[in-house]
Each structure stands twice: as C-alpha cells, then as structure tokens.
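K.L.:
I'd like to ask you about the structure that follows.
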Amino acid sequence: MTEVLSHVDYMALEEAHSSGVYAKRALTVVRGEGAYLWDADGRRYIDCVGGQGAANVGHAHPKVVAAIQAQARVLISCPELFYNDQRALLLQKLTQLAGMPRAFLCNSGAEAVEAALKFAKFATGRTHIVAAMRGFHGRTMGALSATWEPKYREPFAPLVPNYTHVPFNDLAAAAAAISEQTAAVIVEVVQGEGGVRPASGDYLRGLQALCHERGALFIIDEVQTGFGRTGRMFAHQHYDLSPDLMPVAKSIAGGLPFGACLIGERVGQLQPAIHGTTFGGNPLGCAAARAAIDVLIEENLPARAAALGDFLMARLGDLPQRFRAHVREVRGLGLLFGIELRGKVAPVLKALQSKGILALPAGLTVLRLLPPLVISQADLEQVAQAIEAVLDELSADEA
Ligand SMILES: *Cc1c(COP(=O)(O)O)cnc(C)c1O
C-alpha cells in the first residue's frame, strides 16, 4: 500500500522534484470515471480537459480497463522484431478504420508526426516541409520545426532546416510555397493548440490538389482531431480528403500512451531499419487501442460528438452578442470547441474550476473545451451555465 498524503503534500512533492516545464493548477487529480474527475479531497469535477484529448472514450472505460488487465497478464512488451497477435489485429482494425493500407505504431503524437515527416522525406527524396502558422505538431525537434509558436521554438534554435510556415486557410500562400523541393505539407483540420481554428474544406481540398500536382505528400495531423472528436471518426472525413500520411495519438488507446502514423498508397514502400522505436506496437497498448476503437464504434461516439457539438453551438454560439465586451468569437467542430475571449483566459479557467468545471486554454485568450465524448448533455448544460455565470461575474466586476 502506498501511504495516503494530503493534496498539499502531493503538490509539494511535485514542485520539489518535477522538471519545471509545466505550469500546474493547484489541483491534485486522483481518479476519473467517464466525464468526471475527482481531486485528492474527494471533490468531483466535470472534465472538459479530457486528458488534453486523450480521454475521448471517457476515463477508466470498463472495456478498456478489462482489455488492459487481461493483456497485462499475458504479455506487456514485445518489440517489432517479432510478430504479435494483438498488434496484427490492431493494424487490421486501424487501417480499416482509416481507409489507409499501412501504419507505423509508436507512443505519442510527436512521435507519430516525426514518423510522418521522416517517411515523407524518405519517400520523395525531397528536403522541404511546408507547415501552417499557428499549427501545432509536437515538441521533438522535427515536430517542433513544424510547430509555429515562437515561444516553443525560439529557445531551441537552430531547428531542422527547410521548414516554411504559411498563413493558415490561405491557399494562394500555400501555392507560392509548395515547390519541387517540397516533401510534404502538414496541416490540422482544426488547429487545436493554435486556438481551435477550423480549416475550410476548400482550403484543405486545394492543399491536397497542390500536393498531387507537385509531387509532395499531404500530411493531415489528426492527433487531436482523430477518434471521433470533431463528429467524424477522423476530421478529414468531413471534407472527403485522402491524406498520404496521418499521424494519430491522444485518444487512440483509451488514454494509454500510444500513437500511429497511417500510411497511404502514394508513400510507396518503406525499408527496414529507416525508422523504429522500442515500445512501438507493444501488446498492452495494442490491446487497449483495439478496445478503445471498439468502444468508439459500438457507442457511436463520433455521431454523439457531432450532436453534442451542435448542442453547445446552439447554446453558446451567441456569446459574442450576449457578452460583447468579453467574447470575440465562438468556433469549433464537434466537441472541439473554442471560445475566443477579448482578455486572458487564465482567470476564466480558474473561476470555472471553482465551480467544479475543468477546461483548457488554447493560447492566451481562447477557452477550449475537450470533454470526453461520453459526457451527458445535462453536464454540458451545466458547463454552459457556468461559463455564462463567469462571464456575468466579469461584467459585474467592471460595472
Ligand atoms: C497534442 C498534439 C501533438 C503532440 O502529441 P504529444 O502526444 O503531446 O506528443 C501533435 N499534433 C497535434 C495536432 C496535437 O494536438
């Protein structure tokens, strides 16, 4: 048995010994179930952080828990120098789901993006990558080079050369940047970390056409938008796109660390030894991912995200009219929902937390909601009311 410490003791231990790269809230989360989290003092919260996108099927989903427990007794690690039953079955399920023939399995979103970038360079023999302003693709050096945010990039210069960032949703700018040296264009269907900014269908279709015309590969980063989040299993399915490479992670395995890079026909044959990772395709993660994908399908969670996203938009879409002084815009796709404020989001997050609701920022001014897709409409109504109450308080403070 581990000894049970108080909430304050756990915070002090982390403050003393953790790396220091995370700014944390004064809250120790110890348990989750569905769309609820509990802190060390037993207080319950409605969770609109959703494991930062990793909890689409809900916390501790019984089918995912059972799959992990059963597989943990049988085999946890098995590198890809052997075949494995769980991996074979996951690869079949995942490629079928994505409508792409192959996948490289890994352990996180950054790794999935890293794989996509390497495969694009290898397959095309080209050296340049085109990415979008405000895009987020992860923190390892290759993925970071595709990420736009200067405060993530600048301390680590020089990054990987030959990355160009073009304005998002601007096809003419992309057309000017994509050349015969471009290995790949990488883009999100909805920029998540960059402020919950949806791409237009015309923009994405235009990018895909430019890639085909100029011999570049089209990478759609679905790490945050995948597995039902936006109202489709994958967000690019809203626009009938076919990416050549598709990094996924976050909710792929019900919350366990896992990722994959789906690989399309235009990529062609990859060769042994050009890439790899020890934990990639480990049986425990594969079993969890098989279960999580089954849950998404059986519980019809993409359609649920679409319906609940419509509910939220109907409920909160007019915030810019009702709270003109505080809300600039409301936008999103499915249950990837953003409220752009005129001021800083941090105090709003804090006020929501005191009302029992946990939410995320996306940049300094956007309030982002990423609830598990199993959340009830009644709980989302509570979230909407709490947001209205906090905006009312802001208005009262100014009066
Ligand atoms: C979170 C995220 C990543 C990075 O995933 P990690 O698992 O944190 O490395 C990459 N791309 C997008 C779009 C993301 O939202």
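Just so it is clear, glycine is given a Cβ too, placed from its N, Cα and C backbone atoms.
Automatic prediction, not curation, is the source of TrEMBL annotations.
This is the feature table in TrEMBL:
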type	residues	note
BINDING	Gly109, Ala110, Phe136, Asp221, Glu222, Val223, Gln224, Thr278	pyridoxal 5'-phosphate binding site
BINDING	Arg139, Thr277	substrate binding site
MOD_RES	Lys250	N6-(pyridoxal phosphate)lysine
K.L.:
On a simple 10 Å Cβ count over all chains shown, which one of the binding-site residues Gln224, Thr277, Thr278 is most densely packed?
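P.N.:
When each Cβ's neighbours within 10 Å are tallied, Gln224 tops the list.
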K.L.:
Near ligand 1, meaning Cβ under 6 Å from any of its atoms: which of the binding-site residues Glu222, Val223, Thr277, Thr278 fit that description?
P.N.:
Val223
K.L.:
Quick one: give me the count of other CB atoms within 10 A of the CB of Ala110 (pyridoxal 5'-phosphate binding site).
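P.N.:
Total other Cβ atoms inside 10 Å, all chains included: 22.
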K.L.:
Across all protein chains in the structure, which of the binding-site residues Asp221, Glu222 has the highest Cβ count within 10 Å?
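P.N.:
Of Asp221, Glu222, the one with the most crowded Cβ is Asp221.
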K.L.:
Arg139 (substrate binding site): which of the recorded positions Gly109, Asp221, Glu222, Lys250, Thr278 is the nearest Cα neighbour?
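P.N.:
Comparing Cα positions, the candidate nearest Arg139 (substrate binding site) turns out to be Gly109.
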K.L.:
Which residue, of the recorded positions Arg139, Lys250, has its CB surrounded by the fewest other CB atoms within 10 A?
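P.N.:
Comparing Cβ neighbour counts within 10 Å for the recorded positions Arg139, Lys250 gives Arg139.
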K.L.:
Specify the secondary structure state of Arg139 (substrate binding site) as given by DSSP, simplified to three classes.
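P.N.:
The residue in question, Arg139 (substrate binding site), is coil (DSSP, three-state).
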K.L.:
Between Phe136 (pyridoxal 5'-phosphate binding site) and the residue listed as 'N6-(pyridoxal phosphate)lysine', how far is it from one CA atom to the other, in Å?
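P.N.:
About 14 Å separates the two Cα atoms.
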K.L.:
Using Cβ atoms only, which residues of the same chain lie under 8 Å from Gly109 (pyridoxal 5'-phosphate binding site) while being at least 6 residues apart in sequence?
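P.N.:
Gly109 (pyridoxal 5'-phosphate binding site) has long-range Cβ partners His137, Gly138, Ala143, Val223, Gln224, Pro247, Val248, Ala249, Lys250, Gly259.
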K.L.:
Just the number: how many Å between the Cα atoms of Glu222 (pyridoxal 5'-phosphate binding site) and Thr277 (substrate binding site)?
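P.N.:
So the Cα of Thr277 (substrate binding site) lies 21 Å away from that of Glu222 (pyridoxal 5'-phosphate binding site).
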K.L.:
Compute all pairwise C-alpha distances among Gly109, Ala110, Phe136, Asp221, Glu222, Val223, Gln224, Thr278, the residues listed as binding pyridoxal 5'-phosphate, and give the largest one in whole angstrom.
P.N.:
25
K.L.:
Determine, to the nearest whole angstrom, how far the Cα atom of Asp221 (pyridoxal 5'-phosphate binding site) is from the Cα atom of Thr277 (substrate binding site).
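P.N.:
Per the Cα atoms, Asp221 (pyridoxal 5'-phosphate binding site) and Thr277 (substrate binding site) stand 20 Å apart.
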